[in-house]
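Among the features that Swiss-Prot reports, topological domain 'Cytoplasmic' is placed at 1-50, 97-173, 239-308. Summarising the annotation, Swiss-Prot assigns transmembrane segment to 51-71, 76-96, 174-194, 218-238 and lists sequence analysis as the type of evidence. The feature topological domain 'Lumenal' is assigned by Swiss-Prot to 72-75, 195-217, with a curator's inference given as support. Marked as domain 'DHHC' by Swiss-Prot: 130-180. Feature annotation from Swiss-Prot assigns active site, S-palmitoyl cysteine intermediate to Cys160.
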Amino acid sequence: MQPSGHRLRDVEHHPLLAENDNYDSSSSSSSEADVADRVWFIRDGCGMICAVMTWLLVAYADFVVTFVMLLPSKDFWYSVVNGVIFNCLAVLALSSHLRTMLTDPGAVPKGNATKEYMESLQLKPGEVIYKCPKCCCIKPERAHHCSICKRCIRKMDHHCPWVNNCVGEKNQRFFVLFTMYIALSSVHALILCGFQFISCVRGQWTECSDFSPPITVILLIFLCLEGLLFFTFTAVMFGTQIHSICNDETEIERLKSEKPTWERRLRWEGMKSVFGGPPSLLWMNPFVGFRFRRLPTRPRKGGPEFSV
């Protein structure tokens, strides 16, 4: 085997390692099953603070839009239509954020680099596999080790503290939706702020809001700054993610300028692979694939067993 000090892209990887890492180690199998039964969550202090801040900032924007701009408006349909649109975008954004944060990004099972498993691969002379010394696993093609998640992640793009998770093979779709819905809601909030300022300047400041004029101005200015910051950040991230998907190249691979040893997908094939299936409105739905886990209930003495 090659020394584990650095990763070589020009080595030949065993084809079995690109699949689901099925191996015969009983201890590793039980460990993988335990991970599958638990909700994926990274216990990182900085990431959890950033995730909570994301929700608080969205809640602040929703408060200003609803209670400062829309409810005091005399135009009923203007308030209803814009309120429904903004709150739908906010719900979709936060749902996408949760799915990104709580979805396994494609972690490689720990401890599968056992002697028995390596012997079962039946490697040919000259074939090379790569073992991660940190989590004691055999790295599949295009997997990278995350020092925060402490796992090797398939097709790892980057670790994002705002979602407290890595963006990888299994949750990249939700991250793309999160950036898109945050960008759209930011644009909508900025447009509403513009209309609100025009309405207040043309009329009376005391009539355009239930709050005092100084408080109204401060709330609107903070919302404008938040909207500009969020839109700039998420629009750039959305563009880079779509570019990476279409080029079948993660951000880590692009920064390292690594020569691809894999067959790159066509642009639409990459999009269909990430979003699951041909183009449809389901691409925009963060709830697709969401399932409640069946939890066994504790049986009563002498009674039958039930599941909910």
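Sequential numbering from 1, following the chain as shown.
Glycine too: its Cβ is placed from the backbone N, Cα and C atoms.
The residues of the topological domain 'Cytoplasmic' (97-173), classed with DSSP into helix (H, G, I), strand (E, B) and coil, number 14 helix, 19 strand, 44 coil. Across the topological domain 'Cytoplasmic' (1-50), mean pLDDT in this model comes to 51.
Sequence-distant neighbours of the topological domain 'Lumenal' (72-75) (same chain, 6+ residues past either end, Cβ-Cβ under 8 Å): 208-210. A 10 Å cutoff on Cβ-Cβ distances gives the residue listed as 'active site, S-palmitoyl cysteine intermediate' a total of 19 other Cβ atoms nearby, all chains included. Long-range contacts of the topological domain 'Lumenal' (195-217) within the same chain: residues 67-69, 71-72, each at least 6 residues beyond the stretch ends and with a Cβ under 8 Å from a Cβ of the stretch.
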